[in-house]
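Visitor: Feature annotation from TrEMBL assigns domain 'G-protein coupled receptors family 1 profile' to 41-290. According to TrEMBL, the feature transmembrane segment maps to 26-50, 62-86, 92-120, 141-163, 203-225, 237-260, 272-292.
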């Protein structure tokens, strides 16, 4: 059987929300607003942490990395979505599609690993406070972040390389607003079994292991917190950990809905709705959940704008 070679693919069509033309102005305004809030919030967090010596600690070092990742993650997806809605030109070149898919996967995996690192940091700070400065020394913090970057890019590059070998002899119209893995698999006419086994294996390794790390860390934290006699101390720890757990829950729930299912049962409409949550909503909420509710971060932001004497207590 003759199969059209994948090199004949010149571009794809990102159909996205084009099936609902009457909603285009509303969606453009909504996505643009979320994009601007995400960029402004995360950049402010990075600037505040870099400029304030009081925040040069492991926890805020990881927060700055998370904000940087969320900024890159949003820039990988949203500008193309806005351009497609504004111009009604939905084409994306084949190479551009693979590049977008690569950075999307790499940054999503990096987010996953960093959430686990942040949970471990909170575990050491709360359960082993006397050893915190020794365990979470600058060298170890850099090593944890560097290992997260390396692992995420290696995993993403292996899947992208496999995807680049596929032939796409069916329609090149992607019923999504970016080049995500499940809709691309639906268009492939090559045998995708090796890819799906690889993706499932990587999903288990990069998903279940960090999630287990988060759950184990917070199990120890909860056990330690319940032994704190002070109600104020309990409230402070629960407030910090509750914010982290809410983002972890939102992040993993949306990813499990899309990627931990057979490609045959993938629904384009469900995939788009869920994808909006983890590509736009979650990066927008992270600065508020992690940092803007934090008294130290509020003080750093006030000092950043020269309002140090009026900094909230």
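Cβ coordinates are placed from backbone N, Cα and C, and glycine is handled just like the others.
Distances, neighbours, how buried they are, the whole picture for these features please.
Guide: Residues 14, 16-18, 24, 27-28, 31-32, 34-35, 38-39, 41-43, 45-46, 49-50, 92, 100, 103-104, 107-108, 110-111, 114-115, 117-118, 121, 141, 145, 177-178, 279-280, 282-283, 286-287, 290-291 of the same chain lie 6 or more positions beyond the ends of the transmembrane segment (62-86) yet place their CB under 8 Å from a CB of it.
Same-chain residues lying 6 or more positions outside the transmembrane segment (92-120) and placing a CB less than 8 Å from one of its CB atoms are 9-14, 59, 62-63, 65-66, 69-70, 72-73, 76-77, 80, 144-145, 147-149, 151-153, 155-157, 159-160, 163-164, 174, 178-181, 184, 206-207, 209-211, 213-214, 217-218, 244, 247-248, 251, 255, 278-279.
Long-range Cβ contacts of the transmembrane segment (141-163) within its own chain (Cβ-Cβ under 8 Å, at least 6 residues beyond either end) map to 58, 61-62, 65, 98, 101-103, 105-107, 109-110, 112-114, 117, 120, 181, 184, 194-195, 198-199, 202, 205-206.
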Visitor: So which residues does the transmembrane segment (203-225) touch in its own chain, when a touch means Cβ under 8 Å and the partner is 6 or more beyond its ends?
Guide: 109, 112-113, 115-116, 119-120, 122-123, 126-127, 151-152, 155, 234, 237-238, 241, 245, 248, 252, 255-256, 259-260
Visitor: Tell me, roughly as an integer, the mean pLDDT over the domain 'G-protein coupled receptors family 1 profile' (41-290).
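Guide: The predicted confidence over the domain 'G-protein coupled receptors family 1 profile' (41-290), as a mean pLDDT, is 85.
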